[in-house]
Amino acid sequence: MQMANLSTVSEFVFVGLSDAPEIRLLLFVLFLFIYLATLAANIMLLVAISTDSHLHSPMYFLLGNLSLLDLLCPTITVPKMLGALLLEHKKISFSGCLFQHFSLIAMVGTEIFLLAVMAYDRYVAVCHPLRYPSIMSTKLCAQLAMGTWATGLLNSLLHTSLVFTLSFCGANKIQQYYCNIPPVLALSCSSIQSRELVLLVVAGVLGGSACVLTVVSYICILLEILARNSPGIWHKAFSTCGSHLTVVCLFYGTTICTYVRPSFIYSPHWDRVVSMLYGMLTPLLNPIIYSLRNKEVKCALKRVISQVRRAL
């Protein structure tokens, strides 16, 4: 059965962050600035990683994938939101909403698995430093990165097919500025309990597996630090893992608040606030966190900035 035949709704309407015209322009300027800063920070980090030979290592290869995700994630949602704020064009077609939903869930899923792979990379670096080059080989890193992207896409395909094969035959106002799972499910006139349960189970199994791998990696790191008990080991371990651990806490905190909850406790106003934190600030903070905590990245970024200045 074709998806178009399952729905009488041909388009959705976003309920913006504010319907007050006196602050709509202010919000547009603020969000545009954050979006451009996010693009600039992640592009600079990608350029630094690709052009600096000192950053051609597994950790920075995985960090480059994270920066690419942080470029794509806000690009999927923010331009449409900016158009709604400036031009009051709040409508999106059914197929456009489907594509936005699929792309966003794919990016979120990929980032969850990528952070788990990065945690394993940090475990090998701290617990097996002498064997690190042989364990985290170029081939293995490429396979792990491809695996995270493939798993994220397959996970998104399942979620999107479960959500958008429901019937939408009444209200079409999405209480959000992009097509997210909870507000879209809330518009369905079908029974959603069984599919919501499947979505929660799949998200719990896949997300839980990635979370367990991340937690286990850091438990092993902690046990290794306690076993060595050598001078300066805590500072060295924190300099190695501090940036990734901060990004993990930021990502999981906002993602859990956004996705891991049933629809009956869905609050439009709270969801918009959390989604803003996840959708715009997290991709901006990630490259900043890694830049501030890593001397090699800071040196590479300084070289990129100086080259841009000379070119201009």
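Using N, Cα and C of the backbone, Cβ positions are placed for all residues, glycine too.
Proximity of distant same-chain residues to the transmembrane segment (25-47), defined by a Cβ-Cβ separation under 8 Å and at least 6 residues beyond the stretch ends, is recorded for 17-18, 63-64, 67-68, 70-71, 74-75, 78-79, 81-82, 85-86, 280-281, 283-284, 286-288, 290-291, 297, 301, 304-305. Feature annotation from TrEMBL assigns transmembrane segment to 25-47 (among others).
The feature domain 'G-protein coupled receptors family 1 profile' is assigned by TrEMBL to 41-290.
The transmembrane segment feature in TrEMBL is assigned to 59-78 (among others).
Sequence annotations record features per position, and here TrEMBL assigns transmembrane segment to 98-120 (among others).
Taken from TrEMBL, the feature transmembrane segment covers 140-158 (among others). Here the transmembrane segment (140-158) has long-range neighbours at 58, 61-62, 65, 102-103, 105-114, 117, 202, 206, meaning same-chain residues at least 6 beyond its ends whose C-beta is under 8 angstroms from one of its own.
The transmembrane segment annotation in TrEMBL covers 197-225 (among others).
The transmembrane segment feature in TrEMBL is assigned to 237-261 (among others).
Per TrEMBL, the feature transmembrane segment maps to 273-292 (among others).
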